[in-house]
Amino acid sequence: MMKLYSLVIIATLAAAAFAATSEEISAAVGEIISQHQEDLERYAKVVERGEEPKKYIRCSKQLGESCYLNCECCGAAAVCEDYKYICKEKVSDNSVLNALGQAWNAVGNSISRYYCDAE
């Protein structure tokens with residue numbers, strides 16, 4: 001499975017290098033990183049307050065449903081949108097950047113899934 005993720009990331013980066021400008025790539029990567037950083041920050045605030053963290057169930061929300069953490073959203077590339085807090089997959093209107101973003105989301109989701117409990 002890890003080889004598949006690596007292959008997807010390498011292929012997407014190669015395609016993005018030819019199809020998109022460095023500014024577009026930087027903006028898309030920055031947005032994706034900030035989404036996963038917010039998961040860490042939200043979880044850290046709960047722990048800092050000494051509260052018992054809410055039990056988030058992995059893959060308990062479908063695309064378009066309300067969410068709080070990325071790991072709640074079903075789909076390898078699905079993330080919890082920052083502003084509306086709904087599950088989404090689309091990253092960019094540019095198809096190459098969207099593929100790059102979805103690959104990056106899949107990698108980030110493999111890490112953030114540890115914040116959610118399996119059902």
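Keep in mind that glycine also has a Cβ here, set from the backbone N, Cα and C atoms.
For reference, Swiss-Prot has these:
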| type | residues | note |
| --- | --- | --- |
| SIGNAL | 1-19 | signal peptide |
| DISULFID | Cys59-Cys74 | disulfide bond |
| DISULFID | Cys67-Cys80 | disulfide bond |
| DISULFID | Cys71-Cys116 | disulfide bond |
| DISULFID | Cys73-Cys87 | disulfide bond |
Within 10 Å of Cys80 (disulfide bond) by C-alpha distance: pick out those among the disulfide-bonded residues Cys59, Cys71, Cys73, Cys87, Cys116, and say none if nothing qualifies.
Cys71, Cys73, Cys87
Fewest other C-beta atoms within 10 angstroms, as judged across Cys67, Cys73, Cys116, which are the disulfide-bonded residues:
Cys116
Using a 10 Å cut-off on Cβ-Cβ distances across all protein chains shown, tell me which of the disulfide-bonded residues (Cys74, Cys80) has the largest neighbour count.
Cys80
Note down the number of other Cβ atoms within 10 Å of the Cβ of Cys87 (disulfide bond), including every protein chain shown.
22
Sparsest-packed among the disulfide-bonded residues, when each Cβ's other Cβ atoms within 10 Å are tallied, from Cys59, Cys71:
Cys59
If one measures from the C-alpha of Cys87 (disulfide bond) to the C-alpha of Cys67 (disulfide bond), what distance in angstrom results, rounded to a whole number?
6
Work out the three-state DSSP category of Cys71 (disulfide bond).
helix
